[in-house]
Amino acid sequence: MPEKTTLTDVPHVRAAPPRRSAPQLGLILCLVSGISFGFAAVFAKESYAAGWSVPSLLTTRFLLAGLLFWIVVAIRRPPMPSPRTIVICIGLGAIGYALQSGFYFGALTRLGAAVVAQLLYIYPALVFLLALACRRETLAARKLLALAATSLGLVLLLHGGGGAGGWALTGVLMALGSAVTYAIYITVASTLPRDLDPFLSAAVICTSAAVSLGAFATSTGRLQFPTHVAAWFWLLLFALVSTVLAMVTFLAGMRLVGPSAAAILSCVEPVVTAGTSALLYSERLSGWQIAGGVAVLGAVVLLQARRRTS
C-alpha cells in the first residue's frame, strides 16, 4: 500500500467535483496510480533483499518523497492552512501513515504479497463502520451486503492460508493492523478543509512520517543505509514510482472522475500485486484466497457505487 498508499499507501484529501470534460484521462490516471501502488510490494521485497531494513527503507522513502513534494509546494506557493490543520496533518503522518506503512511493509516480510494486499482492502468496510459509529452513515441493504462480503472474504483469505507463502499469525495481525490504521487515517483525514492544497498536505504528511519512522529506527538500532548501488536503485523506484507518481496521478485522477470512481479504479492495486508476485516470486493464491479476494474487492465496489449513485 497497500503502501492504498496502496490507495494501499496515499494520503486522503477531499477532491473538487469531478469534471466531465476529461473522464477518460481521469480513468487512465487512476489506473496508473493503482498500478504504481501495486508495484510497491515488489520494490519493497527487492529492497529488503538488497540490505534495507523495514524502518530504514520507509524512512528514506518518505524523506525523499517529502522533499519532492516540498519542491512542488515551493513552486505552487499555495495558501498556508490554519495551525490546527497543520497539526492534524502532522499527526496523520507521524502516527497514522507511519503505523499503516510499518504494518503493511512489515507484513510483507512474513506473508505473501498478494495476501497482504487483499487483507489491506478490508479498510473500506472499516471506514464505513467508523462512519456508522460517528453517525455519518446509515444502514442500508447494499451496505449490509458489502459488510457481509468483506467478512466472508476475510474468512476465506485466512482459511486458505496455505497458498501464497502460507501465513503466520504475526503477519496476519500486521496486515489487519495496516487496514485498521488506514481506516482511522482516512476517517481523520476526512475532517481536513476542502480547500487544503493536496501537495502541501502530502508534503507535511510524508515529512512527518519520515521523522517518526526515523526516530523509531534510530531508537531500535535499525537505521542503516546499504552501500550497494542496487539497494538505492530499488529505493528510488519505490519512492518515485510507488509514492510520488502514484500519489500525484491519484490526486489528479480523483479530481477528474471523483473520489468514489477513483476508489473503485484503485482496486487494480491488489490485482497488480498478486500478478507481479506470482511472476517474480512464484507466489500462488489458493482457490479459497482467490474467492476471498474477489469478495473483498466486490465489497469495495458495492460501497463506492452506492456513494457514487447517491
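Using the three backbone atoms N, Cα and C, a Cβ is placed for every residue, glycine included.
Where the annotation comes from TrEMBL, it is an automatic prediction and has not been curated.
Here TrEMBL flags 25-44 (among others) as transmembrane segment.
If you look up TrEMBL, you'll see 25-158 (among others) marked as domain 'EamA'.
Residues annotated as transmembrane segment in TrEMBL: 50-73 (among others).
Counting same-chain residues at least six beyond the ends of the transmembrane segment (85-105), those with a Cβ under 8 angstroms from any Cβ of the stretch are 1-3, 6, 8-9, 11, 44, 54-55, 57-58, 62, 116, 120, 174-175, 177-178, 181-182, 184-185, 188-189, 191-193, 196, 201, 204-209, 211-213, 216. Under the heading transmembrane segment, TrEMBL lists 85-105 (among others).
Marked as transmembrane segment by TrEMBL: 111-132 (among others).
Marked as transmembrane segment by TrEMBL: 144-161 (among others). Residues 115, 118-119, 122, 124-125, 128-129, 167, 172, 285-289, 291-296, 298-300, 302-303, 306 of the same chain lie 6 or more positions beyond the ends of the transmembrane segment (144-161) yet place their CB under 8 Å from a CB of it.
If you look up TrEMBL, you'll see 167-187 (among others) marked as transmembrane segment.
Summarised as a single figure, the pLDDT of the domain 'EamA' (170-303) averages 88. Summarising the annotation, TrEMBL assigns domain 'EamA' to 170-303 (among others).
Among residues of the same chain six or more beyond the transmembrane segment (199-219), those with a C-beta under 8 A of the stretch's C-beta atoms are 11, 13, 53, 55-56, 58-63, 65-66, 69-70, 72-73, 76, 78, 80-81, 86, 89-95, 97-98, 101-102, 192, 243, 247, 251. Taken from TrEMBL, the feature transmembrane segment applies to 199-219 (among others).
According to TrEMBL, the transmembrane segment annotation covers 231-254 (among others). Cβ atoms under 8 Å from those of the transmembrane segment (231-254) belong to residues 3, 5, 7, 9-11, 13, 15, 25-30, 32-33, 36-37, 39-40, 43-44, 46-47, 50-52, 57, 60-62, 64-65, 68-69, 198-199, 202, 206, 262, 265-266 of the same chain, restricted to positions at least 6 beyond its ends.
TrEMBL lists 261-281 (among others) with the feature transmembrane segment.
Sequence annotations record features per position, and here TrEMBL assigns transmembrane segment to 287-305 (among others). Tertiary proximity for the transmembrane segment (287-305) is limited to same-chain residues at least six positions away from its ends with a CB under 8 Å from its CB atoms, namely 114-115, 118, 121-122, 124-125, 128, 142-143, 145-147, 149-150, 152-161, 163-164, 260-261, 263-264, 267, 270, 274.
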